[in-house]
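These features come from Swiss-Prot:
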SIGNAL    1-25  signal peptide
DISULFID  CYS29-CYS76  disulfide bond
DISULFID  CYS39-CYS53  disulfide bond
DISULFID  CYS54-CYS99  disulfide bond
DISULFID  CYS74-CYS113  disulfide bond
Amino acid sequence: MIKGLAITVVAVLAVVQLLARPSDAAVSCGQVDTSLTPCLTYLTKGGTPSTQCCSGVRSLKSMTGTKADRQAACNCLKQAAARYQGIKDAAAAALSQKCGVQLSVPISRKTDCS
């Protein structure tokens, strides 16, 4: 009886530990694109980023807490820059500063994401 109870307790603890383990999934390009889509006008025309754009930059910052997340976001940003040919490099580089957000992911076509 006690042996069966001990096995049940160990099994329950193992399941709880698996469920409590944080996800290893890195941030997706869809998440990065959604966050920064409001910034396209600023990135292509310059000026001042909109409130929605800066909110997206803050959202991107909150998504990039781990090294894997930062690398994934960096690669997504490079892919997005390749898709949108009109993006001004200087505007992209200044975006986080203009929004008052210290990003751990540089927004640049030339960044080495490793």
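A Cβ is built for glycine as well, from the same backbone N, Cα and C atoms used for every other residue.
On the structure: features taken from Swiss-Prot.
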| residue | record | DSSP class |
| --- | --- | --- |
| CYS29 | disulfide bond | helix |
| CYS39 | disulfide bond | helix |
| CYS53 | disulfide bond | helix |
| CYS74 | disulfide bond | helix |
| CYS99 | disulfide bond | helix |
| CYS113 | disulfide bond | coil |
Distance [Cα-Cα, Å, rounded] between CYS39 (disulfide bond) and CYS113 (disulfide bond): 21
Neighbourhood of CYS113 (disulfide bond) by C-beta distance under 8 A, where only residues 6 or more apart in the same chain count: GLN71, CYS74, ASN75, LYS78
Neighbouring disulfide-bonded residues, C-alpha within 10 angstroms of CYS99 (disulfide bond) - of CYS29, CYS53, CYS76: CYS53
Which of CYS39, CYS54, CYS76, CYS99, all disulfide-bonded residues, has a Cβ with the fewest other Cβ atoms inside 10 Å: CYS54
Largest tally of Cβ atoms lying within 10 Å of a Cβ, found at which of the disulfide-bonded residues CYS29, CYS53: CYS53
Cα-to-Cα gap, CYS53 (disulfide bond) vs CYS29 (disulfide bond), nearest whole Å: 17
